[in-house]
Amino acid sequence: MDSFSSFFDSQSRTHWSYSTFKNFSQISPLVQSHLKRVYLTLCCALVASAFGAYLHILWNIGGYLTTFACFGTMIWLLSIPTYQEQKRVSLLMASAVFQGASIGPLIDLAIKIDPSVLVAAFVGTALAFACFSGAAMLARRREYLYLGGLLSSGVSILMWLHFASSVFGGSTTLFMFEIYFGLLVFVGYMVVDTQDIIEKAHLGDLDYVKHALTLFTDFVAVFVRILIIMLKNSAEKNEKKKKRRND
């Protein structure tokens, strides 16, 4: 927790101004061009995932099959040489469609309960992504890469908690702890992965497809958790309204 608090403390001590937001002098023009390709590819992947969620709403295709297909296409993508660019981009889009279909049941539930929650969750995720990625770009190079080990430990904790709840049964409190803790972990990954991509690009790794896949995974992980939190809050508000009406 001290590592996360140091991130926010360092940002609060920085004198933000319009010139500060334009200061990307530490990022070379080549890396800036690479980042543009990464974020453009990320946007296309998000559109593809939205299409996958729409397919689930139409034909109810989301489930374990699409989840396994998503992981399969990701592994296939990472096993292909970088010079096969068109094939790797196609696999990224296919993986995004399968990912969108996999979270389609959650999105369908949000539409039935309150469509505005879905929009708010996406906007909130996009704002968080923009803010934390921007902070990572403006920070000193490699400043937050040390958080990677801490975040990996957080993912391990999440996996063990999920395994324990699956075997021994879980409570609502444990589930919500997993959601909030997972949100904290993947928001941290937004910062770490952005700096990692910048550092790798400086060292000559310009694989924008793989880098877009990394950020896409972070985005979806944060979006799902924010949406679950907002749906829970919305359900609690609706229950309170019903109680008031009955009283």
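The backbone N, Cα and C atoms fix where each Cβ goes, glycine too.
Those TrEMBL annotations? Automatic predictions, nothing curated.
Feature annotations, courtesy of TrEMBL:
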type	residues	note
TRANSMEM	38-55	transmembrane segment
TRANSMEM	61-79	transmembrane segment
TRANSMEM	91-111	transmembrane segment
TRANSMEM	117-138	transmembrane segment
TRANSMEM	145-168	transmembrane segment
TRANSMEM	174-192	transmembrane segment
TRANSMEM	212-231	transmembrane segment
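The transmembrane segment (38-55) is not in contact with the transmembrane segment (174-192), judged by fewer than 3 CB-CB distances under 8 Å for residue pairs 6 or more apart in sequence.
For the transmembrane segment (91-111), the list of distant contacts is 41, 44-46, 48-57, 61-63, 66-67, 69-70, 73-74, 76-77, 80, 117-118, 121, 209, 212-213, 216, 220, 224, 227-228, 231: same-chain residues at least six beyond its ends, Cβ to Cβ under 8 Å.
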